[in-house]
Amino acid sequence: MTAERRPLIAGNWKMNGLRAAKSELRTVAAGLAGLSAETMICPPFTLIGAFAADVAGTQLMIGGQDCHPAESGAHTGDISAEMLRDAGAVAVILGHSERRIDHQEGDAIVKAKVKAAWRAGLLPVVCVGETLVERDAGEAAAVVTRQVRQSVPEGATAVSLVIAYEPIWAIGTGRTPTTDDVAEVHGAIRHILAERFGAEANGIRILYGGSVKPDNAAALLATANVDGALVGGASLKAADFLAIARAVG
């Protein structure tokens with residue numbers, strides 16, 4: 001982390017949470033005073049409006065978990081970036097491995113969704129990451145570099161893009177790469193961002209995600225070119241999420 005990149009701790013609730021979960025959200029919002037990091041919770045779409053209203057005036061931001069590339073139209077079951085913004089979201093996670101795998105979303109569709117997020121005034125958090133087979137073959141940096149190259153449109157700036165590195169084999173498994181492994185991949189991401197966007201790359205935040213917990217957060221967040229975390233399961237519990245946010249140096 002550097003002075004020009006304010007840390008971001010974002011919680012991805014995935015397909016979890018009912019309206020009763022507002023109690024956890026309120027606990028998080030109440031516990032953020034004095035923290036140096038920006039914080040965000042990305043709940044299911046059904047909760048965005050209620051959550052955004054509940055935390056209005058606090059430091060906690062609300063984001064979405066996906067959006068359709070189109071602004072509107074005959075896309076049953078989909079949500080547009082404009083709908084997310086209208087509901088109170090300020091950002092959206094795009095290209096998560098669970099979307100890439102479960103819905104066969106490739107880099108081209110992720111790129112289109114990033115453009116949609118920009119169109120609606122949302123901050124896209126673009127996820128990239130390798131499989132265990134790719135990691136064991138020594139291809140992690142190459143895979144992630146390719147994903148950044150193909151998933152992120154031209155014109156990205158320090159205030160319009162966040163990248164989240166989530167090694168697929170570490171998501172929800174309790175396994176994490178070493179801090180050296182994380183530093184290597186984050187360094188590769190920083191390099192391709194600099195190659196594409198010049199000086200703007202110095203301000204683009206790169207988050208780490210994949211089994212981030214209170215007991216490993218400090219080490220991960222102290223790693224070179226790690227500017228925050230995209231937190232999965234641990235973000236569902238206010239105490240755990242706050243502990244991770246407090247681990248920012």
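Glycine is treated like the rest: Cβ placed from N, Cα and C.
When Gly34, Gly49, Gly172, Gly187 are compared with the substrate site residues Asn12, Trp13, Lys14, Ser211, Gly232, Gly233 in Swiss-Prot, the one appearing in that site is Gly172.
Annotation for Asn12 (substrate binding site): same-chain Cβ neighbours under 8 Å, separated by at least 6 residues, are Cys42, Gln65, Ile93, His96, Gly209, Leu230, Val231, Gly232, Ser235. Under the DSSP three-state reduction, Asn12 (substrate binding site) is assigned to strand.
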